[in-house]
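These notes are about the structure you will find just below.
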Amino acid sequence: MAYLDHAATTPMHPQAVAAMTEALSTTGNASSLHTSGRRARRAIEEARENIADALGARPSEVLFTGGGTESDNLAVKGIYWASGKRRVLASAVEHHAVLDAVEWLEQQGADVTWLETDSCGRVSAESVAEALDDDVALVTTMWANNEVGTINPVHDIARVCAARGVPFHTDAVQAVGAVPVHFADSGASALTMTGHKVGGPYGIGVLLLARDVKCTPLLHGGGQERDVRSGTLDVPSIVGLARAVRISVEEQASRAAELAALRDELIAAVRAVVPDVIVNGDPADRLPGNAHLTFPGCEGDSLLMLLDARGIECSTGSACTAGVAQPSHVLLAMGVEPALARGSLRFSLGHTSTRADVAELASVIGPVVERARTAGLAGMRRSRKVVKQ
Amino acid sequence: MKVLAAMSGGVDSAVAAARAVEAGHDVTGVHLALSAKPGTLRTGARGCCTIEDSHDARRAADLMGIPFYVWDFAERFTEEVVEDFVAEYAAGRTPNPCLRCNERIKFEALLDKAIALGFDAVCTGHYARLEMVDGRPELRRAVDLGKDQSYVLASLTAEQLSHAMFPLGDTTKELVRVEAAERGLSVAKKPDSHDICFIPDGDTQKFLAGRMETKPGLLIDDATGAVLGRHAGVHEFTVGQRKGLGIDGPAPDGRPRYVLALEPVSGNVRVGSVEKLAVSGISASDPITHVVLDGPVECVAQVRAHGGTAPAVAELVDGVLQVSLREPLKGVAPGQAVAIYREDAAGDLVLASATIDATS
């Protein structure tokens, strides 16, 4: 069994499990004024300080949310609503949590400019600069692409935006723990991260929101989290998240070196048996654990099923609600042909990955691709009968 | 055997898959996404490719402990079933999309892919009995004659049938539901799907009107040649139709009139008395034969998915299946399939199937 889908979710770090488990058996609403409430509040604030410290933010800039999707929605809609301006600039390769939120704003009357990317899926600061004007409410560009792993020049983009006084949000869900992420140094106004991609629990995330950025809440209620995100704080998840963020950031540099070496080994091993495999995304400036590969002539769902049956778990890219594998909007935006886009798989490594995982993949990928190619050809064969007119 | 179970999300395919698992096969469940717009939730009991159906199929597979995937066949389905359906109507013919789907999707696109991926067979919840005898498949009517689907499977080739598995042929629908409940399948009480899955509101005329060139034409009395009225297009009619013809007043003899023929080139629709609707001869092309047909054969002919049977004599003449009905059948339209059966106490045996070109 080889789990090669860490970009979808990665196992919780044992220390995070322990911290969370301990917190699960305590009682206390962080908004209560009594002893139990203060104890809960203390756990939250310690977690907040830890996360702020790990990510180069101030504690007051750390807003706890229900996860990456909520953080993205809050940043995109909240900053847009609070600005009173009409334009939004977003890259065409964003995660659906940003993409669909922006599309929704467009339906509500926002004037959206979709920033094009190069063939690696990278957005340039120049394209942002060209599109900027005084009516832009928000620019949003992901730090690192969740599918193809390409890293964006977020510092440059943030600088361009800051020069115009335009808020810049970046979805850093895949970046935290994988590459150095320092909120203050990045110059971003808002940054999304989530627990379950860094060895923390599901259902908890953070929006780092610079203190001077106005953001209209999605959720109204008790006024928690600077009045931007109401709702009783989830103490155990927040405690678990803080521990995971701390570990993943502390270990980032050494882990990145390890994973990049392992990832290169994986690509080389696949290429050795499938010489025409295509590596998508930037060859160098990419997430260390990401190998996004196209197997010409194959369908992604065939490959996925054959690998799954052999104990190897990976992803075909974005999955829709019904579980149908659609050609990835990221690859299409990069200019990849739909047929090739359909034949792509994402292998993503994480903190529990080993050389044995790569060896396991290497031992089966040849026959699997061969078989999937036969099936791909079968799929292209037309009907035996002629339709009568 | 390695078996790919096509799971629609309904009770039949779920029980069929469960039986395949129980028989010791290595089963993988697959739900076919056939709708170009998969993001719609079902309204009522219709349709076979909604999110809810895919969910039901997944939950059934979970219960059996088999792997489950959703495969996208929307493009193939649109090309080979939906567009064929529209083209057939535009040509004044009456297609059977379920038969087409079995032929081109479940036992062609899906089966080809399954075989290529290393599976030996595709298993479905169709009601028909299938047995390999001396290396040849024998397809028979299901035990449950009310649910029998051998008609929509009869056009599969021997090659296709030799890789098919229909575990429900020996059971009644009622008992399948009982079995589903016993197995704890949540779909045990799910209503049957009806109508055409890609026309969820059941309004075929509206569906067609938006997809084909509609040409207004005349309603013509077949006996006298008199023009009885005008209509918006032949797609609004099917042979044998009586209601909604838009004719003012009854025929001179006071008897109801029926659609006898659709003429797509002129756009005319011929109507006449019920007797004229009776067909005693059928000529059908592109035959698929399951036995050697040398010379005339006594049989039972069937022209619709349910009902529409008559004793007949069939013969293959120059690649065309000629069927002489001993009792006339009504509402026989070009484009429909005719299946012929040999009566048998062990379940009527499918001899052949072909597409009706002409009637007399």
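From the backbone N, Cα and C atoms, a Cβ is placed for every residue, glycine too.
The candidate list B:LEU32, B:LEU139, B:LEU145 contains one residue that TrEMBL assigns to the ATP site with B:ALA6, B:MET7, B:SER8, B:GLY9, B:GLY10, B:VAL11, B:ASP12, B:SER13, B:GLY125, namely B:LEU32. In this structure, B:CYS197 (active site, cysteine persulfide intermediate) belongs to neither helix nor strand by DSSP; it is coil.
B:SER8 (ATP binding site) falls outside any helix or strand according to DSSP and counts as coil.
Of all Cβ atoms in the shown protein chains, 27 besides its own fall within 10 Å of the Cβ of B:ASP12 (ATP binding site).
Rounded to the nearest whole angstrom, the C-alpha distance between B:LEU32 (ATP binding site) and B:CYS197 (active site, cysteine persulfide intermediate) is 12.
When secondary structure is read from DSSP and collapsed to three states, B:CYS101 (active site, nucleophile) falls in the helix class.
Only B:HIS126, from the recorded positions B:CYS101, B:HIS126, B:CYS197, B:GLN336, place their Cα within 10 Å of the Cα belonging to B:ASP12 (ATP binding site). Within the set of recorded positions B:ALA6, B:SER8, B:GLY10, B:CYS101, B:CYS197, the entry lying nearest in space to B:GLN336 (site 'Interaction with tRNA') is B:CYS101 (CA atoms).
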